[in-house]
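Notes for the one structure printed next.
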Amino acid sequence: APALPRLPALLALLGALLPGLGGAQTSVDPAEAIILRGGSVQVNCSTSCNQTSIFGLETLLTKTEVTSGDNWVLFELTDVQEDSKLICFSNCHDETMAPIDLTVYWFPERVELAPLPRWQPVGENLTMTCQVAGGAPRTNLTVVLLRGEEELSRQPAVGEPAEVTFTVAVGREDHLANFSCRTDLDLRHRGLGLFQNSSAPRQLQTFVLPETPPRLATPPIVEVGTQWSVDCTMDGVFPASEAQVHLALAEERLHSTVLYKKDSLLATANVKANPEDEGTQQLWCEVTLGDENRRWQENVTFYSFPAPNLTLSEPEVSEWTTVTVECEAPAGVVVSLSGLPSGLAVPRAQFQLNASAADNRRSFSCSAALEVAGHMLQKNQTRELHVLYGPRLDQRDCPGNWTWEEGFHQTLKCQAWGNPVPELKCHRKGDDALLPIGDLRPVKREVAGTYLCQARSPRGEITREVVINVIYHQNNILIIILVTTIVILGTVSVAAYLYNRQRKIQKYKLQKAQEAAAMKLNTPATPP
C-alpha cells in the first residue's frame, strides 16, 4: 500500500490506544473474520459518542456503505484477496479507533508428489518430496505423506511454493505400494472445517539384487555338431519375476527359458554347437533388475573330434588270405590299434595277418585320443573280420565213442564248425537210421550202433565215425520169482522135516525110558 494512507492508520491506532476525552469509544463487529479468498464480508463500525461525529472504515479494500444509523455504519468489503487489518475510527472531541483482523483462506492450487525412482533398492533410504503451491493461512496448513491410506509423516508447509521432504526406509513391503501427498488446512478452531487436498498417487517398485554374481553350469568342452545345455541360476532376487536374464555365447544371445520360484530364478538354454564356434568362446550370463545388473562368464572350448577310420582290406576272406588292418585319424589325434604292441601312439597304424579259422568273427578295435583344454578324450571304432573255411569235426566237439545206460536221459553232442555253418547229419551204418543230435531224450537199446556223422557246406564236407553203446539187462523177473518161491518152499520143508525128526527122537527116548522103569519094577529081589 502507498506510504501516505498508512500514516493516518498509524495515528488512528495510537488514538485508539489512547482514548480521548469524554470517554467515547469506537467499536467494530466482527472484531476478526476469516473468509474465502475473493469473497466478501460486512463490517459494522459504531461509536458510543452521543453527539454528531465523524467516523468511518480505514482500508485499501473495495468497500461499499450498505446502510447507516446515527452512530453506526455497515460496510461491505468485496473481492478480498489477502489478509488485512482494518480500522474503524470516529471523531468525537477526539479520534478513537477499533481494529479488525481479516484473514483470508484458500486451498492449495497444486499438490504433487515428485516423481519416484523407477526402482528403489530395499534397505536404502528414499527421500520423497511433496510440492505445494498456494494455500493459506500457512500457519494452519500441514503436508502429510501417505502410503496407501496410512499416514507416515507430516510437516508444516513453509515457503511458496512449499517443498516438503520426507525420508523413508524402503522395505520389501513397499513394493508396488502407492505413495501420495495430502495437505490439511485445519480451520476448525475458526468455526470452519478441515479441508484436504491430495496429489495423484505414485507407485514404488523395490528390489533386491545380491552382490554375488549368478552361477553358470556348463560343460567346459563341447564337441561341434552336438547339443549342449547351459543353466544360469541366482538366489535371493526380489521380485524374481521382474528380473531379466540374458545368456550369450560370444556376442550372440542364446534363446533361453526362465523359471521363477520364490526368490530364485533358473535360465536354461539348449544349443547346437556349430563348426564356426570351434575354439574357446566366452559364455556369459547377466541378470538385470531395476537399474543394476550382475554378470558372470565362463570359457567354453568347442572342438572337432571325428571317430578314427578303421578299415579292413577285405571284411570277408577265405582262410589263409592276407588281410591288412589300418586305423587313421586327423592330425593332432593319436591312435592305438589292437594287434599292435601297446605304447605306439601314432596318427596312423596298420598291420597284416594271415587269416585262419581262429580269426573268424575276430574284432579289431582302434582307439583315438585327443587332448582338449586339459581334458583327455577318447573315441573307439571296431570292425569284425569274417573268415570263410570248410567244415571241422574233431574229438573235442564230436566224441567218437559214447556209452549210455538204457532208460537214462542223454543228449548226443556233436557240433561241426565252419563258415558258412555246415549242415550236420549222423546216419547209422547198415540201416541208414538218423541219430538225433542235441535233443535230450531217454536212451533205448535200439539206438546202439556205429554212425557216420557228416558235416557239409559250400566249402566242402567232412565225415566222422561215432559209436554208441547201450547197456541193458534181460527181463528175468519170472525166473527170480520162481527161484525165490522154490527156495522158500525148500527152506520150509527142511525146517518141517528137522522139526518132526527131532520130535520123533524125543518121543522115542521117552518111550525107552518108560520101558526101562517098568522092567525094573517087575524084577524080584535077590535073597541075602
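Sequential numbering from 1, following the chain as shown.
Glycine is no exception: its Cβ is also placed from the backbone N, Cα and C atoms.
Here is what Swiss-Prot records for this protein:
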type: DISULFID; residues: CYS45-CYS88; note: disulfide bond
type: DISULFID; residues: CYS49-CYS92; note: disulfide bond
type: DISULFID; residues: CYS130-CYS181; note: disulfide bond
type: DISULFID; residues: CYS232-CYS285; note: disulfide bond
type: DISULFID; residues: CYS327-CYS366; note: disulfide bond
type: DISULFID; residues: CYS398-CYS414; note: disulfide bond
type: DISULFID; residues: CYS414-CYS453; note: disulfide bond
type: DISULFID; residues: CYS426-CYS453; note: disulfide bond
type: DOMAIN; residues: 38-99; note: domain 'Ig-like C2-type 1'
type: DOMAIN; residues: 123-188; note: domain 'Ig-like C2-type 2'
type: DOMAIN; residues: 225-292; note: domain 'Ig-like C2-type 3'
type: DOMAIN; residues: 320-373; note: domain 'Ig-like C2-type 4'
type: DOMAIN; residues: 407-460; note: domain 'Ig-like C2-type 5'
type: CARBOHYD; residues: ASN44; note: N-linked glycosylation site
type: CARBOHYD; residues: ASN50; note: N-linked glycosylation site
type: CARBOHYD; residues: ASN125; note: N-linked glycosylation site
type: CARBOHYD; residues: ASN140; note: N-linked glycosylation site
type: CARBOHYD; residues: ASN178; note: N-linked glycosylation site
type: CARBOHYD; residues: ASN197; note: N-linked glycosylation site
type: CARBOHYD; residues: ASN299; note: N-linked glycosylation site
type: CARBOHYD; residues: ASN309; note: N-linked glycosylation site
type: CARBOHYD; residues: ASN354; note: N-linked glycosylation site
type: CARBOHYD; residues: ASN380; note: N-linked glycosylation site
type: CARBOHYD; residues: ASN401; note: N-linked glycosylation site
type: MOD_RES; residues: THR526; note: phosphothreonine
type: SIGNAL; residues: 1-24; note: signal peptide
type: TOPO_DOM; residues: 25-476; note: topological domain 'Extracellular'
type: TOPO_DOM; residues: 500-528; note: topological domain 'Cytoplasmic'
- Message: As a quick check of your reading of DSSP, tell me how many residues in the domain 'Ig-like C2-type 4' (320-373) are helical, how many are strand and how many are coil.
- Response: 3 helix, 30 strand, 21 coil
- Hey, does DSSP put CYS88 (disulfide bond) in a helix, a strand, or just coil? strand
- Message: Name the residue among the disulfide-bonded residues CYS92, CYS285, CYS327 whose Cβ has the smallest number of other Cβ atoms within 10 Å.
- Response: CYS92
- Note on the structure: Per the 10 Å Cα distance test against CYS366 (disulfide bond), the recorded positions CYS88, CYS92, ASN309 reduce to ASN309
- Note on the structure: In the three-state DSSP scheme, ASN401 (N-linked glycosylation site) belongs to strand
- Close in space, distant in sequence - ASN380 (N-linked glycosylation site), Cβ under 8 Å, 6 or more apart: ALA307, PRO308, SER365, CYS366, SER367, ALA368
- Task: Please classify the secondary structure at CYS49 (disulfide bond) using three-state DSSP.
- Result: coil
- Task: Could you say whether, by DSSP, CYS130 (disulfide bond) belongs to a helix, a strand or a coil region?
- Result: strand
- When you put ASN44 (N-linked glycosylation site) at the centre and draw a 10 Å sphere around its Cα, which of the recorded positions ASN178, ASN309, ASN401, CYS426, CYS453 have their Cα inside it? none
- The most crowded of the glycosylation sites ASN44, ASN140, ASN299, ASN309, ASN354, judged by neighbouring Cβ atoms within 10 Å of its own Cβ, is ASN140
- Per DSSP, three-state class assigned to CYS414 (disulfide bond): coil
- Query: Counting distance between Cα atoms, which of the recorded positions ASN197, CYS327, CYS414 is nearest ASN125 (N-linked glycosylation site)?
  - Reply: ASN197
- Message: I'd like to confirm something. Which of the recorded positions, CYS45, CYS130, ASN197, CYS285, ASN401, has a Cα closest to the Cα of CYS426 (disulfide bond)?
- Response: ASN401
- Message: In whole Å, how far does the CA atom of ASN354 (N-linked glycosylation site) lie from that of ASN197 (N-linked glycosylation site)?
- Response: 107
- Task: Just name the winner among ASN50, ASN197, ASN401 (the glycosylation sites) by count of other CB atoms within 10 A of its CB.
- Result: ASN197
- From the recorded positions CYS49, ASN50, CYS453, pick the residue whose C-alpha lies nearest to the C-alpha of ASN309 (N-linked glycosylation site). CYS453
